[in-house]
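Residues annotated as transmembrane segment in TrEMBL: 37-59, 65-86, 291-313, 420-442, 454-474, 494-519.
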Amino acid sequence: MAKDQESQKKQIVIISDPLPEKTKFPKSGFCNGRLRFNLLMNISVIGFIIIPFFVPVIYSIGIGYYFAFQWLIYFMVYLINTIRLMRAFKKQMKKGQKQQKHENEDINSTHTNLIDSENNTIIDQTEQKYRYKQIMMTFIYKEPIELLSNTLFNLREMEGSNQFIVSVGFEERSPDIDNKIKYLNEQFSESFEEFIITIHPYGTEGEIPGKCSNSNYLQRKLVAYLEQTRENFNIEEYMVTNFDTDSRFQKNYLRVLESQMEKTCKKPEDIHEIVWQPVIYYNWDLKARRFFVRIISLVRNMLMMGALIPFQINVMGIFSFSLKLCVTGGYTHPTYQMDDVICQIRWFIKKKKPIKIKQLYTAAISGPTTGNSFYEELVEWARQIKRWTIGTAEVFHYYVVKSKHIQPNLKFTVWGFLYFNYYSVFLIAQNFFTISCAVCFTVLKSDELSDLEFYLSIGPLGFQYVIFILMFTINGASQYILDPIRPKESFNIILTLIHIIITPFTQIASGLVACYGIFEVAFRGKKVCNHISSKKDTLK
């Protein structure tokens, strides 16, 4: 049931009634969810820990170079995609300057003209016409309302923002929810074509609290609302962009999206088989963050561009898709916690055909984890890594269980291998393998190590350092892409060199935390599967 807040101006729509019984998921209690296929990830980690102690030295060195080869592949793809992004940005800027010059010459006094304070130029927000109706949706639980508000201000500055349907998913137990909704109504009720707020009921049977269940509720209620209120509602005419409360978009994000859709989709049905992923940077006030946050933020950006998108593993944080894909794919599974990780494989299984990930050549920003002190930031950093790992372990179990519903399919099998290799072997087992090799080669098998084998054994570490140096350099060189949506940042060269030196050790620490996560879910089962929102209190 939808109701409007009483006001003389345009109203925010509030939806809070429960989902129909037929859409709810049964609760699974088998062995408290302990005997699950994510245990294969634990076995692989244990295997890589003990391998160096039981195989000849040269075999361990060979495995080390296997990991080095993975770093090389991911880095090269990252480099290529960064160059493409930089070129696309320059083309978009030139095109935008020409278009803006033309608009400034032909300003229509009937339009609403907004002043861009940064460039002191006039922008006509009603000029941009989109081929598809654009839905922008995000979710909030305990995050500061100021953070969401600033993100909505960013949306309001986007081209054609008065044509957006903006939807915010609250939790029933969100603190001070009435005052937050009142504030949003005052600030944004007339900013978009329609502003819809959903309030996800707490304690629905079969769900776990978190973003997945909130997303499932919002998506289902939004579709029902559109069906009721739109004449001749056609689900194929709607595109959805999912984003976090700490996101920042380029003003032309949706124009780039529709342009790439037009170039990529040869047939109308192709649109409903693709998830679009912009390049996400975490360079948001990184100068104020501790070294471990900055390092992992840069590594995440590199691996997203070099591994997750090109190898079709999963999307992250901010992504766009057709509303029809969402509905035919079964919306979002409410008993899992990582909506971005599970959505592609869930839709793949439901539709029984591959869902592609396509990179959008535009940049967006997502805020890094934060804290008010070194200790608080370290705890938050570790907590979020553990949460990501538990989420990916759960998705792997989901993939194996649901594979029986898919006919033997090479792409489906390859996806499972790539996913397992990336999240279990590359991100976790590699770090323990490195530690085991260091102990084995320096203590237990030092006498067996020839001079050549010694130099070969440290080769992968040296190779990683080269990649990390280039990663920091490329990230710095591409920062101008983010200048339109956040203040410029600069880093001390000496501090950056120190960060480069400790990057491998930070990676190992991250792997240790991730390992703790997969063993916690192995021993405690589904009890640990919940989405604890990351703290963003210090983001500005």
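Glycine is no exception: its Cβ is also placed from the backbone N, Cα and C atoms.
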Study note, to complete from the structure: Checking 37-59, 65-86, 454-474 against the transmembrane segment (291-313) for Cβ pairs under 8 Å, the most are found for 65-86
**Study point:** Winner by Cβ pairs under 8 Å against the transmembrane segment (420-442), considering only 37-59, 65-86, 454-474
**Key:** 37-59
**Study point:** Maximum Cβ pairs under 8 Å to the transmembrane segment (494-519) - stretch from the list 37-59, 65-86, 454-474
**Key:** 454-474
Review point. What parts of the chain pack near the transmembrane segment (65-86), using Cβ distances under 8 Å and only residues at least 6 beyond its ends?
Key: 279, 302-303, 305-307, 309-310, 359, 361-363, 426, 430, 433, 459-460, 463-464, 467, 470-471, 474, 478, 481
